[in-house]
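First up is the structure itself, then whatever we jot down about it.
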Amino acid sequence: MEWLRLAYSTVGTPDYIAPEVLLKKGYGMECDWWSLGAIMFEMLVGYPPFYSEDPMSTCRKIVNWRSHLKFPEEASLSLEAKDLISKLLCNVDQRIGTKGAHEIKAHPWFAGVEWEKLYQMEAAFIPEVNDELDTQNFEKFEESNLQKLLGTYLYPFGIVTDCSSNANFIKGRSLEKETADSEDQPSDGSFLNLLPTQLELPESLEPSPHSSISSEDSQARNR
């Protein structure tokens, strides 16, 4: 039963979300390897591969990743690094790691890494904490400024909400036009469902603290 292995909710930070998650086509653990590729790109280059000041522009770039994944010359990435990133930021059926983490560990970019000994290494930074709930090492934010700083919230039950003052700046028609040339663009326009203009959350969608399955996931299984 395929739905037992696929999720349909949209969760994550925009810069690192895999295209199959945004397109609501159903996704599995492979989406995490896409996120790894985006993080690897950022660590080597200095910014995420599909960065934009506007979160929805970032989503458009991810959906059309073939046109937007580029390696800047000034970053001087090795051929091995480019190859691994390209094999992580690609279609899910071609993505390295689909058969297991051993595929990624065996990539030439990791040549010389003794994986078993990593557990024995001393951490570069060991924070001082009083207990497991101690947050003194995190930067402190004023509660009232939190929404302004984050701009976009991705709720853990499948709704993307823009918290800026310009919440209605997305027009479905223009978004549909920009993503129409993507081979991954769904014919049913489900990507447009990511763009609610209403900021209030319906009471029926309150998340359960003990479940990571969204109401959308439940609906998908019953179809």
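Using N, Cα and C of the backbone, Cβ positions are placed for all residues, glycine too.
Noted in TrEMBL for the protein shown:
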type	residues	note
DOMAIN	1-110	domain 'Protein kinase'
DOMAIN	111-165	domain 'AGC-kinase C-terminal'
REGION	177-223	region 'Disordered'
COMPBIAS	194-217	compositional bias 'Low complexity'
Mean of the pLDDT scores, which run from 0 to 100, over the domain 'Protein kinase' (1-110) = 89
The domain 'Protein kinase' (1-110): DSSP-derived helix, strand, coil residue counts | 63 helix, 2 strand, 45 coil
